[in-house]
Amino acid sequence: MHLWTFSWLCGTLSALHTNAPLYSLLPPLLSQTFTAWCNSHLRKTGTQIENIEEDFRDGLKLMLLLEVISGERLAKPERGKMRVHKISNVNKALNFIASKGVKLVSIGAEEIVDGNAKMTLGMIWTIILRFAIQDISVEETSAKEGLLLWCQRKTAPYKNVNIQNFHISWKDGLGFCALIHRHRPELIDYGKLRKDDPMTNLNTAFDVAEKYLDIPKMLDAEDIVGTARPDEKAIMTYVSSFYHAFSGAQKAETAANRICKVLAVNQENEQLMEDYERLASDLLEWIRRTIPWLENRLPENTMQAMQQKLEDFRDYRRLHKPPKVQEKCQLEINFNTLQTKLRLSNRPAFMPSEGKMVSDINNAWGNLEGAEKGYEEWLLNEIRRLERLDHLAEKFRQKAAIHEAWTEGKEEMLQKKDYETASLSEIKALLKKHEAFESDLAAHQDRVEQIAAIAQELNELDYYDSPSVNARCQKICDQWDGLGGMTQKRSEALQRTEKLLETIDQLYLEFAKRAAPFNNWMEGAMEDLQDTFIVHTIEEIKGLSTAHEQFKATLPDADKERLAILGIQNEIAKIVQTYHVNIAGSNPYTTITPQEINAKWDKVKQLVPQRDQALIEEHTKQQNNERLRVQFANQANIIGPWIQTKMGEIGRISIEMHGTLEDQLTNLRQYEKSIVNYKPKIDQLEGDHQLIQEALIFDNKHTKYTMEHIRVGWEQLLTTIARTINEIENQILTRDAKGISQEQLNEFRASFNHFDRDHSGTLGAEEFKACLISLGFDIANDAQKRTGIMEAEDFKTCLISMGYNLGENEFARIMSIVDPNRMGSVTFQAFIDFMSRETADTDTADQVMASFKILAGDKNYILADELRRELPPDQADYCIARMAPYTGPDGVPGALDYMSFSTALYGESDL
């Protein structure tokens with residue numbers, strides 16, 4: 001019994017030895033309060049008391065009261081009217097009270113049977129303390145202090161209310177009104193209450209409590225207001241009724257808060273899942289549309305069309321692909337974050353829709369890069385091919401035009417029958433002329449073979465206008481064969497008549513023989529001087545210049561030959577003039593005239609300086625190309641090693657990081673910012689690369705780095721630092737959610753790095769096992785804890801070093817959890833997840849189920865109205881939409897199955 005209760009009883013007992021009337025010693029407020037408190041419980045059995053000291057004398061209603069407030073059955077009462085029967089019943093009641101750990105001091109059955117009011121009130125107060133107040137505890141305080149602290153907290157927000165005790169603090173009635181308004185604000189308009197009107201305040205509180213809260217009116221407003229110090233026990237008894245009336249609402253509020261928390265986590269996770277599905281679908285659709293474009297290898301017929309394709313590809317690499325690289329990286333980060341949150345909230349892992357796994361996206365991305373690989377090289381090769389084709393086609397047209405011009409009229413000449421009516425001298429002249437023609441024909445054989453070779457090369461390079469080239473070439477070859485046949489026939493005819501002919505002008509013949517090859521040489525020289533050329537290096541243009549200089553060195557000898565040929569013609573003219581030879585027409589042996597030779601010679605001399613200028617311009621162009629190569633190489637030789645160095649630094653940082661996770665995250669973000677600040681140099685290199693491609697430069701001996709190497713390295717660098725930052729963020733999430741200290745994380749990191757001897761960022765199975773054992777983990781052969789990851793043998797070694805008793809079966813079970821894909825290695829993030837689950841606790845399906853049961857009033861089902869009353873609207877609708885109908889035998893229409901819903905939240909069944 002409490003000391004203050006015992007003191008009160010002792011004072012009462014001492015008063016019994018005085019001559020004062022018994023009722024004059026009874027506090028009237030206390031008797032009224034206790035009577036009302038007893039009746040609030042007895043009315044549940046359909047009875048009540050009128051006089052507290054008289055109605056408990058036979059012990060029957062006293063036993064009934066104890067059964068109601070304890071919920072237990074007492075021994076069967078005696079129904080007799082004799083004193084002994086009454087004492088027996090009261091003793092049974094007192095023994096039951098004593099069995100509950102209450103020491104009854106100076107209270108005997110005889111005093112209760114005799115109607116001792118003080119003893120009766122003391123007994124009732126003892127019952128109230130044990131069954132109504134003793135169980136009240138707030139922050140490990142005693143019953144009275146706990147009840148007082150509860151009142152103070154509930155009334156703290158209300159003005160003019162200052163609860164310091166259980167007597168004068170309640171006189172103005174505002175304390176009772178504040179308690180009611182705090183829990184049921186719709187019952188009292190607290191703003192209209194006045195501190196100077198305690199009667200109204202008290203009566204308002206008592207009436208509302210009796211009408212709406214089922215708390216009987218235990219006090220009178222007049223007694224409280226008219227007493228300087230209201231009875232403490234009466235106030236405590238009445239206030240305890242408020243505590244018990246509102247404790248159920250507090251439990252419901254706690255249960256609702258738990259459910260809201262769980263549902264909020266579930267709703268957030270579902271939104272993350274929907275976002276992942278949407279982003280994955282968009283990225284896969286973009287890849288699906290892009291791959292056919294990259295796989296299209298149908299060449300264009302013109303340089304302009306192929307160069308446009310190259311420009312489109314550059315736009316794709318610079319503008320379209322980089323955002324998709326970021327989306328892919330962000331998608332992986334979101335997926336890892338979602339899985340971490342699901343693990344932290346004890347939810348099953350997220351499995352994306354079929355075809356949308358991270359591995360599926362990586363496979364699709366690999367197909368994209370496979371299609372992209374070689375596409376640019378193919379474009380450049382096609383441009384080279386078209387350039388070569390254009391050059392060959394122009395060369396074919398030039399040679400074909402020259403040959404066709406030469407053959408013009410040759411067929412008619414060979415088909416003439418002029419020798420049939422010619423004189424002997426004319427026949428001889430015709431024969432010589434024909435011999436000169438045969439010489440000329442033989443000289444043109446090389447040109448015809450060159451034309452055929454060029455046509456063949458155009459066919460092999462798949463020239464788009466090959467049909468017309470082939471037709472023209474065939475026509476030239478057919479014509480050439482025809483000329484050969486006709487030449488042979490005419491030669492035979494002239495030889496048959498040669499016996500009839502005697503004189504042939506040797507000078508004409510000599511002129512023709514020397515003029516024909518010289519003329520052919522000049523035509524070849526003009527053709528070579530006008531021939532277009534393609535070079536890609538300084539060395540190639542120097543070779544052309546050297547050949548041209550060698551050609552120019554032959555010009556003096558050629559001029560001497562020209563003068564010698566012209567000298568023959570001059571000698572003919574001299575003979576004609578000297579001997580008055582009558583020559584009809586021109587030289588019968590050749591169509592070449594001195595004027596034609598001079599004209600062609602002048603043309604050759606005119607083309608030589610033009611060729612000089614073209615070679616000089618090409619030399620300047622190749623010098624500029626070489627400058628572009630060196631400019632690109634200088635930057636690439638700096639950026640390439642820089643990227644490789646940064647990749648190595650990131651690898652070391654992820655293994656050797658110190659300090660708190662927040663410090664590590666700050667340092668990594670600063671490091672990421674320093675890397676991103678390097679982007680302008682990458683863009684500058686892209687500009688240099690574009691200049692090189694526009695200049696059609698296809699190789700660079702000054703550097704081993706290509707633009708593609710730099711692009712891939714830069715993308716890998718950004719992706720690696722982003723993944724490292726995400727790993728630290730997930731560790732922070734794990735630490736905050738699981739309550740893991742920084743010291744624990746440091747210990748985990750130190751142990752992980754100790755066994756990660758190759759600094760790969762992963763542990764093998766044996767290393768992982770040793771690492772866990774070094775941290776004190778205990779793993780036996782039977783099924784115990786269910787988490788883990790590393791390379792299988794590394795993980796095992798890690799566990800052993802942490803103190804775990806590792807059996808093969810248990811270790812195999814842990815490896816199946818930490819390494820579900822059977823990769824044989826354990827990442828640091830998976831290691832942290834395993835250790836977090838061993839050191840923290842989370843909500844379970846049973847806890848959520850118990851919370852729903854509180855909201856349902858201990859029923860096995862719950863109604864939609866109960867959910868809407870206790871939960872926020874959106875979360876109530878969320879539950880109603882997903883809960884299955886309750887099918888148990890005790891169900892009612894509209895009953896919902898909260899048990900299957902609770903297990904589904906944690907993946908133990910389908911939601």
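The backbone N, Cα and C atoms fix where each Cβ goes, and this holds for glycine too.
Feature coiled coil, per TrEMBL, maps to range 262-289 of the set 262-289, 626-653, 794-821, 822-849. Of the given residue ranges 7-41, 112-146, 427-461, TrEMBL assigns the label coiled coil to 427-461. In terms of DSSP helix, strand and coil, the domain 'Calponin-homology (CH)' (28-132) has 71 helix, 0 strand, 34 coil. Beyond its flanks by at least six residues, the coiled coil (262-289) meets 324, 327-328, 330-331, 334-335, 337-338, 341-342, 345, 347, 350, 352-353, 355-356, 360-361, 364-365, 367-368, 843, 848, 871, 875, 878-879, 905 of its own chain at Cβ-Cβ distances under 8 Å. Here the domain 'EF-hand' (743-778) has a mean pLDDT of 71 out of 100. Helix first, then strand, then coil: DSSP counts for the domain 'Calponin-homology (CH)' (141-247) stand at 66 helix, 0 strand, 41 coil.
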